[in-house]
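Engineer: Quick one: structure below, then a few questions.
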Amino acid sequence: MAPAPPPAASFTPAEVQRRLAAGACWVRRGASLYDLTSFVRHHPGGEQLLLARAGQDISADLDGPPHRHSDNARRWLEQYYVGELRADPQDPTENGAVASAETQKTDPALEPQFKVVDWDKDLVDWQKPLLWQVGHLGEKYDEWVHQPVARPIRLFHSDLIEAFSKTVWYSVPIIWVPLVLYLSWSYYRTLTQDNIRLFASLTREYSMMMPESVFIGLFVLGMLFWTFVEYVIHRFLFHMKPPSNSHYLIMLHFVMHGQHHKAPFDGSRLVFPPVPASLVIAFFYVFLRLILPETVGGIIFAGGLLGYVLYDMTHYYLHFGSPHKGSYLYNMKAHHVKHHFEYQKSGFGISTKLWDYFFHTLIPEEAHPKMQ
């Protein structure tokens, strides 16, 4: 017979208040207590919205307005469970509130799904690297990978390979912005010093001179081109569903994007590591050089590379930043978090919703009335 699980910790209202006074952000759902201190800065609605509810019952907030929290959001909450609220025999004035909390009921149909997360009973062993394990999940992989967890991930046994699979956010501008500046300067000089003609390889008679002013247009075109690449890769490659009988395609999907959906707040896996990024960037450079005149392709590539840098920085900020309510980034953060927690088959734009509008993959608006 398996040993009985240890009893849940319990806290009196006075103990909860002491933690709140020390700066912690505890909330409750009925009599269940959750320590959201480490999650406050990640909350898609902003820090202040969560801090304003410290010490309060959030049961009604989970159902909205402004929106009803998804099943994944409720599972996520359970990872922060710390115990139960209990009466204090030394302070009978608080016991009425405790009794009220204990009698509050949650949806009985949902309650069994959202018990305290038991890492020992998950489909994988979290004490070991995950990559080889996920390939064995088969038909269970797709559901498992879209149930996010609040913990870091290890992919490989080898420390060296593991190091190449992660990076810090600031490696992206440090490595790629100098290359953007160099390419931009180099190709701009080519425009000013050489007689660059468009379509010269096809016909000399109808070829056109390229003035210096075309640089800005081509550079911006490259940035726009990146937003399209971002959308296409995210939708059709990262969100492909690997065959359940293919061990290696499941592993490939997990390396490319599944790991990010499983652990969306693992900061070391939010931006593209330099080594694999170099291979992808080199591919696009060669591709543009092959299909376009060298200078044209080079300028578009430089703009696209800057677009990639802005995309990766935006992506990191959407996960870890706290944009002002009503701002562009605030709306993009809410949009992206919904993609992670509820709408994995829509909302593929990260730096812009442009292509979601164009291809009709916008996340639907909720019908809840606006908060006053």
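Each Cβ is built from the backbone N, Cα and C atoms, and glycine gets one as well.
Feature table excerpt (Swiss-Prot):
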- His234, His239, His257, His261, His339: Zn(2+) 1 binding site (BINDING)
- His260, His315, His319, His336, His340: Zn(2+) 2 binding site (BINDING)
- 8-86: domain 'Cytochrome b5 heme-binding' (DOMAIN)
- 168-188: transmembrane segment (TRANSMEM)
- 213-233: transmembrane segment (TRANSMEM)
- 268-288: transmembrane segment (TRANSMEM)
- 290-310: transmembrane segment (TRANSMEM)
Engineer: By Cβ distance under 8 Å, which residues at least 6 away from the ends of the transmembrane segment (268-288) in the same chain are close to it?
Structural biologist: 152-153, 164-169, 171-172, 175-176, 229, 259-260, 297-298, 300-301, 304-305, 308, 312-313, 315-316, 319-320
Engineer: Any idea what the model's mean pLDDT is for the domain 'Cytochrome b5 heme-binding' (8-86)?
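Structural biologist: When the pLDDT values over the domain 'Cytochrome b5 heme-binding' (8-86) are averaged, the result is 85.
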Engineer: Are there residues at least six beyond either end of the transmembrane segment (290-310) with Cβ under 8 Å to its Cβ atoms? List them, or say none.
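Structural biologist: Result: 172-173, 176-177, 179-180, 183-184, 186-188, 190-191, 194, 196, 198, 200-201, 210, 215, 218-227, 229-230, 281, 284, 351.
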Engineer: Work through the binding-site residues one by one (His234, His239, His257, His261) and name whichever has its CA nearest to the CA of His340 (Zn(2+) 2 binding site).
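Structural biologist: The smallest Cα gap between His340 (Zn(2+) 2 binding site) and any of the binding-site residues is with His261.
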Engineer: Which residues, in sequence order, are found in the same chain with Cβ within 8 Å of the centroid defined by the Cβ atoms of His234, His239, His257, His261, His339 at the Zn(2+) 1 site, excluding those residues themselves?
Structural biologist: Phe238, His260, Gln344, Phe348
Engineer: Cβ atoms within 10 Å, counted per site: which of His257, His340 has the most, among these binding-site residues?
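Structural biologist: Output for this query is His340.
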Engineer: Can you give me the residues near the recorded Zn(2+) 2 site, meaning same chain, not His260, His315, His319, His336, His340 themselves, Cβ no more than 8 Å from the center of the site's Cβ atoms?
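Structural biologist: Counting only non-site residues, the set is Pro264, Leu270, Leu318, Val337, His339, Ile350.
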Engineer: For His239 (Zn(2+) 1 binding site), which DSSP three-state class applies?
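Structural biologist: In the DSSP reduction, His239 (Zn(2+) 1 binding site) maps to coil.
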Engineer: Given His239 (Zn(2+) 1 binding site) and His319 (Zn(2+) 2 binding site), what distance in Å do their CA atoms have, once rounded to a whole number?
Structural biologist: 19
Engineer: Between His260 (Zn(2+) 2 binding site) and His234 (Zn(2+) 1 binding site), what is the CA-CA distance rounded to a whole number of Å?
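Structural biologist: Roughly 12 Å, rounded to the nearest whole number.
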Engineer: Whole-number Å only: compute the distance from the Cα of His234 (Zn(2+) 1 binding site) to the Cα of His319 (Zn(2+) 2 binding site).
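Structural biologist: That separation, Cα to Cα, works out to 17 Å.
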Engineer: Under 8 Å between C-beta atoms and at least six apart in sequence, can you list the same-chain neighbours of His315 (Zn(2+) 2 binding site), or say none if there are none?
Structural biologist: Leu270, Val271, His336, Ile350, Ser351
Engineer: With an 8 Å cut-off on Cβ-Cβ distance and a minimum sequence separation of at least 6, pull the same-chain contacts of His339 (Zn(2+) 1 binding site), or say none.
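Structural biologist: Those within reach of His339 (Zn(2+) 1 binding site), by Cβ under 8 Å and sequence separation of 6 or more, are Ser346, Gly347, Phe348, Ile363.
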Engineer: Please report the distance from the Cα of His261 (Zn(2+) 1 binding site) to the Cα of His319 (Zn(2+) 2 binding site), rounded to the nearest angstrom.
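Structural biologist: Pair distance, Cα basis, whole Å: 12 Å.
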Engineer: Using Cα coordinates, what distance in whole Å links His319 (Zn(2+) 2 binding site) and His257 (Zn(2+) 1 binding site)?
Structural biologist: 15
